[in-house]
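Each remark here refers to the structure printed beneath this line.
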Amino acid sequence: MSSSHTVTVSMDVEAGQKNKDKKGISQDLILAYKTLGVVFGGLVTSPLYVYPSMNLTNPTEEDYLGIYSIMFWTLTLIGVVKYICIALNADDHGEGGTFAMYSLLCQHANIGILPSKKIYTEEENLISNQPVVAGRPGRLRRFIESSIIARRLLLLTAILGMCMLIGDGILTPAISVLSAIDGLRGPFPSVSKPAVEGLSAAILVGLFLLQKYGTSKVSFMFSPIMAAWTFATPVIGVYSIWRYYPGIFKAMSPHYIVRFFMTNQTRGWQLLGGTVLCITGAEAMFADLGHFSKRSIQIAFMSSIYPSLVLTYAGQTAYLINNVDDFSDGFYKFVPRPVYWPMFIIATLAAIVASQSLISATFSVIKQSVVLDYFPRVKVVHTSKDKEGEVYSPETNYMLMLLCVGVILGFGDGKDIGNAFGVVVILVMLITTILLTLVMLIIWGTHVVLVALYLVPFLLLEATYVSAVCTKILRGGWVPFAVSVALAAVMFGWYYGRQRKTEYEAANKVTLERLGELLSGPGLRRVPGLCFFYSNRQDGGWLTPVLAHYIRNMRSLHEVTVFLTLRYLLVAKVDGKDRVQAVRRLGPAGVYGCTIQYGYADAIDFEEDDIAGQVVGALRERVVDGEEEGERVEAARAAGVVHVRGKMRFHVGKDTRLFDRVLLGFYELLHGACRSALPALGIPLQQRVEIGMLYKA
């Protein structure tokens, strides 16, 4: 009887595991289909503009074979080996991108700049879902931990990587849509350039207006379009290979690259600024990881995107070998006339989709940096109940829209944008290589020989590309570079202002003894209700100086007051059981403290999460002595909840040193324009109170 029962249970467990695996596979396949409409748009539509962006002069068959060989190995090494096989494994709880890798490093080594970036339980034990390699901190880790300069350089590198991804996001939509719509001018030469520009701008405006409905809804509409594109272009490529140059795949031999550079020398090096466009968009599949999953991106890339690009570029090159001067319209000229208009429609729709990958990636990295307090607060909306990494930012969306339209109207031609394109893309890839190397050494504990086998070839490849694209800066490449630098300046200005506020709070702290004196002062009243008083710091038994300012001027404090510290962590998500921590009594009657912890990918909504209920429950469970005190806490909550937050501002006077006057003045400008913290936490309007306080810089 017992044996039969054991067999039945075992079979049930196995059946359950199989069902779970089937469900996981089917979910990955569905997500893989959706990635076509979001992640790979920029990469898979690159055949529209790669050859037209090259400044070729009297190209020969050998030149085209060398160019195809370069593109094939670039796609294989950077796309397959670097991103699909290695980088996607360096995720932070499902989140990708340069900033996610930086946060991952901060979790496993003491290299972060801002405080309060670890998850603590009640016993203050560090929680990590990533394995730490014991006994292998290495000299590199110790050096970075001990050097403030190295730590700041690492932070700056991560910030630049994020900003350059956004700079890339400005050009991708513009060049994709312009290159597609430019196909009208082939059969209809009378169509003017301003008409193409206006139509392209109108299409992009429509795309940006769709973003508020969420990535899932947008990708569900866009995935069929990209599926048609990834099927149609390689089919035409195979036809072109068969008709024009069946031996094109001999160019997969790397010796054609050597011959290309031996023949063209400096000119060949300059042409790398065009061939690099074949991999633009690959960086988005890592940054968009939070919107999907690692396996879904790997499935889609290896089964669809990579074969499609290899065959499409092979077909284009085969056509151009027989029509050497058609490179300036290298895509539409290689499309057979009977299918020209169907391909024009698909290309236009695919170009619209291509814009989505960088838009989604931009939303992800902005959300990460806002939560970690490296960027001014902008509104971030979670557009999916099932996928927490799927977000939308209205301010970011409309700023991108204006910049994209400005690029179209400013450059006016896809070929001119091609000169500007690729500068920041390859820099993002180089930064990814550097951060990934640190992840291998510090977190994964990879043997130094294997790390060298990764680092040396990719560093040489990407550094060579960087040297080539730098020649394009004066021909328009300065635009995305300038946007990236401007964003980095915003982040540094914000970070500097936050650091100065932290220093001021430490110098003007309110100790628990001082709190007792303030509460025992004459004329102070305790009013009914539960008050959450937001304090940036509770470390070492002291509170924010805004508290003393509040008590001195209001002459009152709520009957039950909880000093609440929000801790935004360098981890993607915090488990619900670790949300409310460090609950304790702070001395005077009815005064408590606690910490609320969130990861940068968590959806934050105090009302929906019932934070007030969680804190009251934690107080009754861990702190409150006796039924009477517990009833007092519950009665205070029933009387009304209020959230009080100090809004400390810098007063920049004439006697302030010039450096601080510039940076803190810039910070105040940003601070005045950004959103308040309380609405971002999902706190109802009637429960919000903000107390202003000036600090002389």
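Heads up, the Cβ atoms here are built off N, Cα and C, so glycines get one too.
These numbers come from a predicted model, not from an experiment.
Listed in Swiss-Prot:
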type     : residues : note
TOPO_DOM : 1-29     : topological domain 'Cytoplasmic'
TRANSMEM : 30-50    : transmembrane segment
TOPO_DOM : 51-66    : topological domain 'Extracellular'
CARBOHYD : Asn55    : N-linked glycosylation site
TRANSMEM : 67-87    : transmembrane segment
TOPO_DOM : 88-152   : topological domain 'Cytoplasmic'
TRANSMEM : 153-173  : transmembrane segment
TOPO_DOM : 174-189  : topological domain 'Extracellular'
TRANSMEM : 190-210  : transmembrane segment
TOPO_DOM : 211-217  : topological domain 'Cytoplasmic'
TRANSMEM : 218-238  : transmembrane segment
TOPO_DOM : 239-271  : topological domain 'Extracellular'
CARBOHYD : Asn264   : N-linked glycosylation site
TRANSMEM : 272-292  : transmembrane segment
TOPO_DOM : 293-300  : topological domain 'Cytoplasmic'
TRANSMEM : 301-321  : transmembrane segment
TOPO_DOM : 322-338  : topological domain 'Extracellular'
TRANSMEM : 339-359  : transmembrane segment
TOPO_DOM : 360-390  : topological domain 'Cytoplasmic'
TRANSMEM : 391-411  : transmembrane segment
TOPO_DOM : 412-422  : topological domain 'Extracellular'
TRANSMEM : 423-443  : transmembrane segment
TOPO_DOM : 444-447  : topological domain 'Cytoplasmic'
TRANSMEM : 448-468  : transmembrane segment
TRANSMEM : 476-496  : transmembrane segment
TOPO_DOM : 497-697  : topological domain 'Cytoplasmic'
#### Entry: Contact yes or no, the transmembrane segment (423-443) and the transmembrane segment (301-321), 3+ Cβ pairs under 8 Å, gap 6+
no
### Task
Would you mind pulling the DSSP three-state label for Asn55 (N-linked glycosylation site)?
coil
### Message
Within the same chain, where does the topological domain 'Extracellular' (322-338) have neighbours whose Cβ lies under 8 angstroms from its own Cβ atoms, ignoring anything closer than 6 residues to its ends? I mean 6 or more beyond.
### Response
47-52, 54, 56, 58-61, 64, 179, 183, 186, 236, 239-240, 244-245, 315-316, 344, 347, 415
### Message
I need to check the long-range neighbours of the transmembrane segment (272-292): which residues 6 or more away from its ends have a CB within less than 8 Å of a CB in the stretch?
### Response
31, 34-35, 38-46, 49-51, 53-55, 67, 70-71, 74-75, 78-79, 83, 87-88, 91, 94-98, 100, 165, 168, 172, 215, 301, 309, 313, 354, 357-358, 360-361, 364-365, 387-390, 418-419, 421-422, 425-426, 428-429, 432, 464-465, 468-469, 471-472, 572, 601
### the transmembrane segment (339-359) in contact with the transmembrane segment (218-238), cutoff 8 A, at least 3 CB pairs, sep 6+
yes
### Query
Can you check what DSSP calls Asn264 (N-linked glycosylation site), collapsed to helix, strand or coil?
helix
### Message
At a C-beta cut-off of under 8 Å, are there same-chain residues at least 6 beyond the transmembrane segment (190-210) that contact it? List them, or none.
### Response
173-174, 177-178, 181-182, 184, 218, 348, 352, 355-356, 359, 397-398, 400-401, 404-405, 408-409, 412-413
#### Entry: Counts of helix, strand and coil residues, the topological domain 'Cytoplasmic' (360-390), according to DSSP
12 helix, 2 strand, 17 coil
#### Entry: Within the topological domain 'Cytoplasmic' (293-300), residues counted as helix, strand or coil by DSSP
7 helix, 0 strand, 1 coil
### Summary
For the topological domain 'Cytoplasmic' (360-390), the distant same-chain contacts (Cβ-Cβ under 8 Å, at least six residues beyond its ends) come to 38-39, 94-100, 103, 114, 117, 159, 162, 165-166, 169, 211-217, 283-284, 287-292, 396-397, 400, 490-491, 494-495, 498, 568, 570, 573, 598-604, 670-671, 673-677, 680
### Helix-strand-coil residue split for the topological domain 'Extracellular' (174-189), DSSP-based
12 helix, 0 strand, 4 coil
### Query
When each of 30-50, 67-87, 153-173, 301-321, 448-468 is checked against the transmembrane segment (391-411) for Cβ pairs under 8 Å, which one has the most?
153-173
### Winner by Cβ pairs under 8 Å against the transmembrane segment (218-238), considering only 30-50, 67-87, 301-321, 448-468
30-50
### Message
Across the topological domain 'Extracellular' (174-189), what does the mean pLDDT come to, as a whole number?
### Response
84
### Task
Output the single range from 30-50, 153-173, 448-468 maximising the number of Cβ pairs under 8 Å to the transmembrane segment (67-87).
448-468
### Query
Per DSSP, what is the residue tally for the topological domain 'Extracellular' (239-271) in helix, strand and coil?
27 helix, 0 strand, 6 coil
### Query
Which residues, given as numbers and ranges, are at least 6 beyond the ends of the transmembrane segment (153-173) yet have a Cβ under 8 Å from it?
42, 97-99, 101-102, 105, 111, 113, 144, 204, 207, 280-281, 283-284, 287, 354-355, 357-359, 361-362, 365-366, 368-369, 374, 400, 403-404, 407, 417, 420-421, 424-425, 427-428, 431-432, 434-435, 438, 479-481, 483-485, 487-488, 491-492
